[in-house]
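Data block below; observations after.
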Amino acid sequence: MDDISVSKSNHGNVVVLNIKASSLADTSLPSNKHESSSPPLLSVHFLQKLLAELVGTYYLIFAGCAAIAVNAQHNHVVTLVGIAVVWGIVIMVLVYCLGHLSAHFNPAVTLALASSQRFPLNQVPAYITVQVIGSTLASATLRLLFDLNNDVCSKKHDVFLGSSPSGSDLQAFVMEFIITGFLMLVVCAVTTTKRTTEELEGLIIGATVTLNVIFAGEVSGASMNPARSIGPALVWGCYKGIWIYLLAPTLGAVSGALIHKMLPSIQNAEPEFSKTGSSHKRVTDLPL
């Protein structure tokens with residue numbers, strides 16, 4: 001509890017409040033209160049969170065992979081940029097729709113949050129299970145809708161909606177590691193700082209996904225999500241390079257979360273700009 005005292009000046013017309021703020025440790029973000037406040041695994045609230053993850057992952061994979069299928073079957077009308085925009089918009093919309101319950105939709109994000117003590121470890125298996133189920137159901141739906149049955153693994157006929165390297169395995173691994181780490185860093189930043197309002201979280205995360213798909217899509221497929229790669233692999237039986245899309249995004253997301261945890265919080269960081277937006281240093285004084 002803060003210590004508040006009241007005193008008057010000699011003239012009796014000024015009141016001074018002396019407030020002793022709580023220690024910084026009490027207000028630092030992120031907190032670890034999830035250990036005591038997380039719902040029981042069989043509670044209605046936890047089941048609602050799992051349903052949100054299932055539905056959200058389903059629509060995420062359905063929309064993003066449908067854009068890929070339409071682009072392949074209709075003379076590349078969607079284009080790479082269009083596909084990237086679809087992925088970004090669908091994740092943005094889902095964050096706004098389901099974020100009040102749960103909006104991971106990605107096993108790498110779930111594991112990264114757990115590794116940084118921002119998510120209960122005992123809920124991880126259930127989350128990953130429903131995320132993979134949602135991705136698999138979406139992939140099965142797309143297979144029926146677009147009749148993608150003809151030798152998709154070889155890419156000689158129908159397009160494979162899963163993830164596969166365009167170049168070497170090493171190139172794809174490094175790319176997935178980097179872009180997923182960047183995505184996770186953004187997720188942690190916008191969800192723990194007071195500078196970002198809740199109204200902007202979905203927009204910023206969606207924009208990050210769009211950016212990653214634009215420059216990494218032709219290299220690794222820009223999966224950033226093990227569930228996004230597992231679902232199509234299970235439905236079509238194509239597992240070439242699947243280890244890349246299980247390991248690289250997970251390690252990348254964990255590294256992104258740990259990097260954010262090592263950085264100073266907004267309360268402790270030395271301000272680079274003043275409240276008016278002007279720099280404390282002249283441009284010529286900044287290191288190049």
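Cβ coordinates come from backbone N, Cα and C, glycine included.
Record features, source Swiss-Prot:
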- Met1: N-acetylmethionine (MOD_RES)
- Ser278: phosphoserine (MOD_RES)
- 50-70: transmembrane segment (TRANSMEM)
- 77-97: transmembrane segment (TRANSMEM)
- 126-146: transmembrane segment (TRANSMEM)
- 170-190: transmembrane segment (TRANSMEM)
- 202-222: transmembrane segment (TRANSMEM)
- 234-254: transmembrane segment (TRANSMEM)
Practice task
For the transmembrane segment (202-222) and the transmembrane segment (77-97), check the count of CB pairs under 8 Å (sequence separation 6 or more) and say whether it reaches 3 or more.
Solution key: yes
Exercise for the section: Mind checking which residues of the chain, 6+ beyond the ends of the transmembrane segment (126-146), have their Cβ under 8 Å from one of its Cβ atoms? Expected result: 41, 46, 50-51, 53-62, 65-66, 69, 73, 102, 104-107, 110-111, 158, 161-162, 227-228, 230-232, 234-236
Problem - Remote residues contacting the transmembrane segment (170-190) - C-beta distance under 8 A, at least 6 residues beyond either end - result: 108-109, 112, 116, 118, 196, 200-201, 204-205, 208-209, 212, 216, 219-225, 241, 244-245, 247-257, 259-261
